[in-house]
């Protein structure tokens, strides 16, 4: 089979935004205008095509990033047909892992902002992730029809809050109820959409007289941005010559791909205005797979390798999402970076060093699927029934193994105990949790050794609620959940030297003997978390026992002496000890090390660390006093507030343990008008009274 769409005409894009900026509605409109779905799905009535898990439709938020393929030839059919793979990413902070993971496999992103709310807390998180993976982006200011909409304010916020060099491609004609259309600053024409056919058709018209001056001024800004792309464009521009439409677009494209500017469009997805022009911007300015640098990887001999976006290179792909589908079982979404895969081929999972046979391959359109025979470089598809592929694994040709970059996943901050309501469900619950953990690396399951309880951990209350909910719906397991547990940590504040640990049992027969002397010292919280320094001189402890000392200490780190929480940010220096020719063993040195560590830890001014969350509350001005008062009762440190006439943003740092049930309390204080987001910020020392209470409770 030959390629149906040349790789230059592919666009792999993510659509990401803050909750409620209207991202799913925007994705829906893309599917509608590109001719894939014939009925518009509205999030309000729970029928949006992209939000396909039942809970997403109930809660009206997007949880799983569905990948969908759509085709586009431009508003005026001005391009050959392009193929756009759209990845819809969640905007809720508990699902940041999904966003991070999809950023890995995207080439470009559309950032959706609300014309009223502007750049909101989650927008900043998503922006940082896009920077981390150097993803070129365009912005779409949505909800221009809402009261309080202000396009230029959002353009300004992209500069001041995110540090993005925003360049408007359009200006809105009217706003709020009078929002009629947009002026295209490249063509210098007004675009009006036809409301009778849901905006499928539109007309180019003259710019309204009262907008001509503003449009001239902003066009100047646009042309200048384009001219900065190259010396020849700059010379032409400074020489007073007009740049052609092609030159302006080429200049802007070059600068977007270099990450220097963010073109901004506007519209109202709900009112069917502006989405097609935004799709044109995706084709004009966002990269094809061939425009981005080759993906780097690691060859089997640990040297660096790379794969270019070409069908002729060996096959390589990254599995970026595992989803459980009620009809076909496991769906593994993957992005092909190089080469071609056909159904029936066997490939290597180079991370686990196992072979996998590709059976059926499907291309997803939200939750409908079309079976295909092959997938080529630059494309995204899903495979059915792969046996042992996890998120972030590399799939590659058996004769050309490579491991593409590994993804890094955050540590969970909150845990709850779960137990099935009936004994019969015990095994089913284990299976269900295992399957869900395979799909979502930011979710962990383990059994508490002391209590025997099953503990699930994740990125926030909502994250765990949804896991329990999915167990009920998809696996028919009813479970009771305990009170949330916070992941505390233990560390030390002062250095202690020359603490010894001795394990000796020498009463006839083969004895046990190990003896170590260590120093214990604090490490910087930004550092490695733990280090072990061996400074044994003259063989007072033989080399083969040194790893046992390290191991003995590390086993103690899992459950600290204060309250049984993990120990972090300390170093151990082993500098003296003794051994016995016959009685010494690895086990004896391991035990000696653990005794020395416990003794040293208790002398080194041990403290309990608690997770601190970065919390941002947005509230109408009337409730600011109540909200701040309540935050102070939760031991918050309020760092400041920003206000406009509609909303006040309060930034605070709050211990996670004080944030349980906050959503409900905030709703009742503000009659449901405030919202908040939180993300893990750091660990900090817990005040003595708090620490004492926690340690006391753990002893019971």
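Cβ coordinates are placed from backbone N, Cα and C, and glycine is handled just like the others.
Feature list (source: Swiss-Prot):
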- 8-290: domain 'tr-type G' (DOMAIN)
- 17-24, 88-92, 142-145: GTP binding site (BINDING)
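For the recorded site, residue 144 (GTP binding site), the DSSP three-state label reads coil.
Long-range Cβ contacts of residue 144 (GTP binding site) within its own chain (separation 6+, distance under 8 Å): 115, 151, 172, 175, 179, 266, 267, 268, 273, 274.
Mean pLDDT, taken over the domain 'tr-type G' (8-290), works out to 81 on the 0 to 100 scale.
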